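Undergrad: I grabbed these lines from TrEMBL:
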- 92-124: compositional bias 'Basic and acidic residues' (COMPBIAS)
- 125-150: compositional bias 'Acidic residues' (COMPBIAS)
- 9-73: domain 'Transcription factor CBF/NF-Y/archaeal histone' (DOMAIN)
- 92-150: region 'Disordered' (REGION)
Amino acid sequence: MAERPEDLNLPNAVITRIIKEALPEGVNVSKEARRAISQAASVFVLYATSCANSFAMKAKRKTLNAGDVMAAMEEMEFERFLPPLREALEAYKKGQKGKKEASEQKRKDKEKKNGTEENDKSREEEDDEEEHMEDEPDAENEGEEEDVEN
């Protein structure tokens, strides 16, 4: 756990970006207001985490999941945030699925390429052996040729 309350605050840059995205252009926010919003956001995150943890503990789990967070939002009476939260979660899952599929395809392509390279190397080695055999006459044949000449 954090030793000081300041350690629990979200980064100022993140808070400033969220504020700018939420307000119309040209609206200024004082440093004091940004600080208050930052502290409020930190308290909200801690409270939501605590509520979600309660749901996980009731289910005898140590890992919080999205369902725990959804239930916590409902318990905290933030039901109106559930639809956009569900949409964001679905978008995240789709993105993760796409990344996983791309990673698997990349791995398969790499394996296929490595398999092709290994086959090419085997063919080259076989060709080299055949050329080497053609260039060098057999020792037995050399002896026969000498016998014929004598």
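Cβ atoms here come from the backbone N, Cα and C positions, even for glycine.
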Undergrad: In this predicted model, what is the average pLDDT of the domain 'Transcription factor CBF/NF-Y/archaeal histone' (9-73)?
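TA: On average, pLDDT over the domain 'Transcription factor CBF/NF-Y/archaeal histone' (9-73) sits at 92.
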Undergrad: Take the domain 'Transcription factor CBF/NF-Y/archaeal histone' (9-73) and count its residues per DSSP category (helix H/G/I, strand E/B, coil), listing them in that order.
TA: 47 helix, 0 strand, 18 coil
